[in-house]
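Peer 1: First, the structure itself, so that you have it in front of you.
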Amino acid sequence: MEVKNSLTHTTLTVRDCTRVDGGHFLLSLSNIGGTTSIPVNVKVLDRPGPLDGPLKVKIVSAEKCNLHWNPPLNDGGASVSHFVIEKRETSRVTWTAVENDTGKYVLTAKNYSGSKSAFINVRVMDSPSAPTNLEVKDVKRDSVSISWEAPLIDGGSKISHYIIEKREEARKAFTSICSNCVRNSYKIDNLQEGCFYYFRVLAVNEFGTGLPAEIAEAVKVSEAPLPPGKITFSDATCNSGRLSWEKPDHDGGSKITRYIVEMQAKGDDTWTICSETRALEVTINGLARGKEYFFRVSAVNEKGKSEPKTLLAPVTINDTSAEPVMNLLSNTFSVKAGNDLKIDVPFKGVPQPTVAWKKEGNLLKETSRVNVYTSDTSSQMIIKDATRIDAGMYEVTLANSVGSASAEIFVNVFERPGPPCDLSLDEVSADFINIGTKGRVEITATKTHTSLLIRESVRKDSGQYTLTLQNTGGTISKAITCKVLDRPGPPAGPLEVSGLSAEKCTLSWGPPHETGGAEIMYYIVEKCETSRVAWILVYGDMMATTCKITKLLKGNEYLFRVKAVNKYGEGETLESEPIKAVDPFTIPSAPTDVEVTSATRDTMTISWKRPDTDGGSRISGYIIEKREKQGVRWVRVNKKPVYDLRVKASCLHEGCEYEFRVFAENAGGLSEPSLPCSLTLAEDPKFLPSPPAKPTIIDSSKSSITLSWNNLTVMTYTL
């Protein structure tokens, strides 16, 4: 860079200038009279700089792909006229130019007098490229809203409409949802809740259908759950309480991951999160005695948080705690060896007491035969296939912050008895004999009466007893019916599950064989998911011996149990086998023997045979798709399901070859596609012409005859 000054001018010389030498220069002149400045803008003319950002390759197929780039930051002092695109196979070292006929051409005409040039813009007409920026805007439990932008390349013709298609994650073929969408957004309805879907959009102009833009990841059709059900506050102490709630009526199509519990002291404006849990209850500590609180619960799944469910009225924290209390009808239980024994201990206590079982002073060890199940209101010990070692003294202890309570329970296991021992005549007189044994049963006989005493009676002592009196004059017998009053036994099994579907089933059972000496008032029906430990009440006062269970979750495995209730309490339970909530049907098999029975230049009639199996559900219709010989995409023919075994496809292009395939549909969904029929050409059928009318001789000569007949539209005649 060199600067030369003279009396009348100044010169700045930059040798071997480059693109970075361009820019804004400021020339300042000063003398004793003052200073003046002149801005000078210097532009270095050069080839353009590199493109800005990476070269992106999008929508790759077997024959073509789309390239995207940004213009260079430095255009070299002139606007960019065009871009040169080159390609190279990775196995080669040379680059070759990619032909692109679209652009600006110069037409020059010359003669002896001179030449004249003109610019001509050339646009190659083609089907459009794929739409851009396809994204999911909103997801509900049975619908999805999508939006997109117009293709970068419209193929030289205005985009007339878009085609929207969907595909379930488990399937390979896309099906058309809307074939004439004129907007850049669409709401897709009637989707299967909880299923995963892919969506894609194709632009259409007058030259054909462009490449698809597809969503990269499958979309699960679900939404935030509904609010939880009824909320209950219980077991209040001076500084804590237990909050419980019911499951939401609907989980939004996704499994509920947790519940958020919030509280608000009366007079405050803010809600505070006090717990997050996966259970349907929580114990809230740190409350102030005498203060009023509001509580609310929200359900959360992978799609978000539900609206909160608020406790109807504020809760005043008062101490309602009480020490545990047990309500045992008997503390002695007997069971025959090989049978099962269930000992149910109902209890009450605030706060919820903890339960501990002991045998002979040692903590009870649970095994595959001996198990303890504890709920909010009772604790149950179950001994399966009882043996002599299960006999003995058991102790159940309840404890909470207020106090504790315990009870001793004696279990007798009976086996086949041997002969009585220590038989003694306790008292003998002229009027009676008293025979004593050391068991539960004692028989006393006098001259005028006899008595049978059964100590520590159990339900199995009920039945018919026969008293027989005999002397030299003859024999007489009297039947005596004995009822042991108790809670009822289990309902008569098995607990049958019928009418099973993905959402509901029907339970049926028989009345218990042992009523406990009182009328059965009603039955309690409960259900439990096998992945959980808590039982959920379904019916608390079922009068019949059959009921319908609803609101099952598809794919989940359930257990059901029923127990009878009389005036003495709740009886033993009858439990079902595990069942899975699934529909009793599947998708049908594919239709067979698809063929084109007739064709014209713009229509074809397609027929097929029914599937070999309907999947256990009636076929509700058929879906037909077509594809051109040179095409890669199947296009739906019928907008609504077809109920016949044939359909007429219209709006075909004359001279094109088409193949067709058929789907069957039932309540389980679409079948796999049938094998496509053979390619058929869209053209009018050709027939031999009818014979001409009777020819007439109109002239004759020695060597020729002239004939005439009615004119027909034929190419040639043969004589």
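Cβ coordinates come from backbone N, Cα and C, glycine included.
No curator has checked TrEMBL annotations; they are predicted automatically.
So TrEMBL has the following annotated:
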DOMAIN    130-224  domain 'Fibronectin type-III'
DOMAIN    227-320  domain 'Fibronectin type-III'
DOMAIN    324-412  domain 'Ig-like'
DOMAIN    490-584  domain 'Fibronectin type-III'
DOMAIN    590-684  domain 'Fibronectin type-III'
DOMAIN    691-719  domain 'Fibronectin type-III'
Peer 1: Count the Cβ pairs between the domain 'Fibronectin type-III' (590-684) and the domain 'Fibronectin type-III' (130-224) that lie under 8 angstroms and are 6 or more residues apart in sequence, then report whether there are at least 3.
Peer 2: yes
Peer 1: Summarise the domain 'Fibronectin type-III' (227-320) as counts of helix, strand and coil residues per DSSP.
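Peer 2: DSSP composition of the domain 'Fibronectin type-III' (227-320): 0 helix, 45 strand, 49 coil.
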Peer 1: Pull the DSSP breakdown for the domain 'Ig-like' (324-412) and write it out as helix, strand, coil residue counts.
Peer 2: 3 helix, 54 strand, 32 coil
Peer 1: Using DSSP, how many residues of the domain 'Fibronectin type-III' (130-224) fall into helix, strand and coil, respectively?
Peer 2: 0 helix, 52 strand, 43 coil
Peer 1: Looking only at the domain 'Fibronectin type-III' (590-684), how are its residues distributed among DSSP helix, strand and coil?
Peer 2: 0 helix, 43 strand, 52 coil
Peer 1: How many of the residues that make up the domain 'Fibronectin type-III' (490-584) does DSSP mark as helix, as strand and as coil?
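Peer 2: Taking each residue of the domain 'Fibronectin type-III' (490-584) in turn, the totals are 0 helix, 51 strand, 44 coil.
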